[in-house]
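> What follows is a structure written as structure tokens; I'll ask about it next.
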């Protein structure tokens, strides 16, 4: 057995006055009671051997970055091995109570204890309002205090075994989780355990991380014996948990402290990057009831992304593990190119739900747990050895000193340094006096709109010129400019109700306007296109003199013919073949490119003009003809067909 389970005596436990030790303090008091065996600290954890089946069990004992293990893994015996031989134990559970537990009660229990113990710093402010449930004392009253309400009678052991005998392991796991979420009067989830393989040394880090969250949940939410200092103690534990999530493993510049605090308050809020929250209700609610939790609230765990840790910490882990393997096996037995986090990090995704998660080697797991397991350091002695609490406490004190010195100035930094050096100093005052760090700016995402000041600046820079300068550049007369400026000012006025017609009102259409309309109608709004993508705009030609249209001899050239409807000199340019070229030449000149309908329109207009010009010759009074309205005469004048009607 390469990785056995260690034991620790209660007389070697040295706790501090830190509120993070309140859970371990309450458990130690329960263990030291002379009427509540066992007296050993680790004996109350109920360590047992278990076997779990997994398809990747062979990768634990025969990793690909160790040459000797890789060669041994090619045998039939290693290939058939799919069982994980593990040690497993649970943390002692804590049940919330409503009655107050005073300092005198616990001191009297310790005074009657025959087991020697060190200073536990028992004060009302350090006593959690709860009772420890020891595995060996299921039928006895806990030592902390008795609850005011009697507990409901639980099912007997025989009936419970008969009820769960027909269920699979995953069904039992889900049933235990549902039972814990519905009742939820206990702190530790029974499904969370400390598990490690005693053959390969791989540790189930997901279980330790969730047990840490269960304990921190109680330290943050449960009140203390002293109601005055309860809020301060809870605030200190909450700040410590926020610091672990923000600064301990991840890059603290990736998100602000406000975001990490939002995760502590509610799981419905958006979580910071590199951190995912599992399904469940509020994880850390400062206003949660100390005695019981609503049935709708379940344990909510923040998953730890081991691949997203800081690059400096990742390099430290790889180098430390490489040095350990070289010292243990020698450099010839290690395949250095394959020694990377992707290879020594194992993940179980299927099978038994209880062991699904991240598994890491013992050396790496111990290095990571040193950074956050200060509140549970003595509960990890069976897996990491008796030296782990001292190393974890040293790292915590050094880390607290660095953190406080960087976030405080003057007397605050000196007070924090003194508190970090002396374990008997009260840490709560330092945490309360510590100012809140200034939130760091986050990079703006693409979906984020620009700020109001920046948008206003862009609008000012891209503003249009004034209306007066625009009117000056139109090239209008002075009367028109004055009218436009006057009209625009009247439109801006709130008392303006009537509109005045502009002197530049619409006039009768000219021949050019009518020609453009006819061309637009015939072409359906499209321009003519020719081979080689050559565009030839419709050219404007002056109409032939009216005397040519009125001459009978020249009208023969304009006689409508179905075979040749348009004279040759007025044919459409689409009858011409224009050669295509990669470089389009200048458009050739074509004679009067009018269409067929356009030609008939002009012919009709000339006939109307001829009739109107010949009618005064049959009247005695040529200039007194009133058969035509001024509107009609004005339209004929706009056609510009008027000539000398001397025929």
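Heads up, the Cβ atoms here are built off N, Cα and C, so glycines get one too.
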> According to Swiss-Prot, which stretch among 394-424, 425-455, 518-548, 549-579 corresponds to the feature region 'Disordered'?
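Here Swiss-Prot associates region 'Disordered' with the stretch 425-455.
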> If you look at how Swiss-Prot annotates this chain, which of 232-263, 264-295, 296-327, 328-359 comes out as region 'Disordered'?
264-295
> Looking at 105-137, 138-170, which stretch does Swiss-Prot describe as region 'Disordered'?
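In Swiss-Prot, residues 138-170 carry the label region 'Disordered'.
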> Write down the single range among 461-484, 485-508 that appears in Swiss-Prot as region 'Disordered'.
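It is 485-508 that Swiss-Prot describes as region 'Disordered'.
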> Quick check on the DNA-binding region (318-339): DSSP residue counts for helix, strand, coil, in that order please.
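Residue counts in helix, strand and coil order: 18 helix, 1 strand, 3 coil.
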> Looking only at the DNA-binding region (318-339), what is the mean pLDDT?
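For the DNA-binding region (318-339), the model's average pLDDT rounds to 85.
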